Structure formats: structure tokens, C-alpha cells
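Right, one structure below, let's go through it.
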């Protein structure tokens, strides 16, 4: 499987056994000005996340592109 991986958000071939791509988003102290933090990568199973963290998992090549946010002005 190929997934987008941060920090560069480039498409990379996942290690053997890691067939899930994920997009994890959450707010930090700069959320109001910069938007959510985003973490992209490969995993063997969809990662468990803490409350307040959104996770989306998928299993096709490059199915986790860097999200495009509508910027607040």
C-alpha cells in the first residue's frame, strides 16, 4: 500500500504489514489561527485516538491526501 506520510505529505510505500493509511487531525493551542494539526501515515490497524482527535482510515493507495481546509479570515 502507498500512503501519504507527514511531515512532507509525500506518497511513500508502507512497510510490510502496514496496509492502512490514516489521516489524524486535532486542535492545539494555535488551532484558531492555523487550523488543525494534521498527521498522515501508514499503520497495521486503524490507530486508537484520544477524545478530541479525529481519525480517518482507508486501505487503497494514496487514499489519505493532505486535507485542504477552508481558511478563516
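Cβ atoms are placed via backbone N, Cα and C, with glycine included.
Keep in mind it's a predicted model, so treat the numbers as computed, not measured.
Per Swiss-Prot, disulfide bond is recorded for 3-21 (among others). Over all protein chains present, the Cβ of residue 21 (disulfide bond) has 27 other Cβ atoms lying within 10 Å.
DSSP classifies residue 14 (disulfide bond) as coil under the three-state reduction. Taken from Swiss-Prot, the feature disulfide bond applies to 14-42 (among others).
For 27-31 (among others), the entry in Swiss-Prot reads disulfide bond. Sequence-distant neighbours of residue 31 (disulfide bond): residues of the same chain at least 6 apart with a C-beta under 8 Å from its C-beta are 37.
Taking Cβ-Cβ distances under 8 Å and a sequence gap of 6 or more within the same chain, the neighbours of residue 46 (disulfide bond) are 20, 22, 55, 57. Swiss-Prot lists 46-57 (among others) with the feature disulfide bond.
The DSSP secondary structure for residue 63 (disulfide bond) is coil. The disulfide bond feature in Swiss-Prot is assigned to 58-63 (among others); the stated evidence is experimental evidence.
Cβ-based neighbour count (10 Å, all protein chains) for residue 3 (disulfide bond) stands at 27.
Take the CB of residue 14 (disulfide bond) and look out to 10 A: across all protein chains shown you find 18 other CB atoms.
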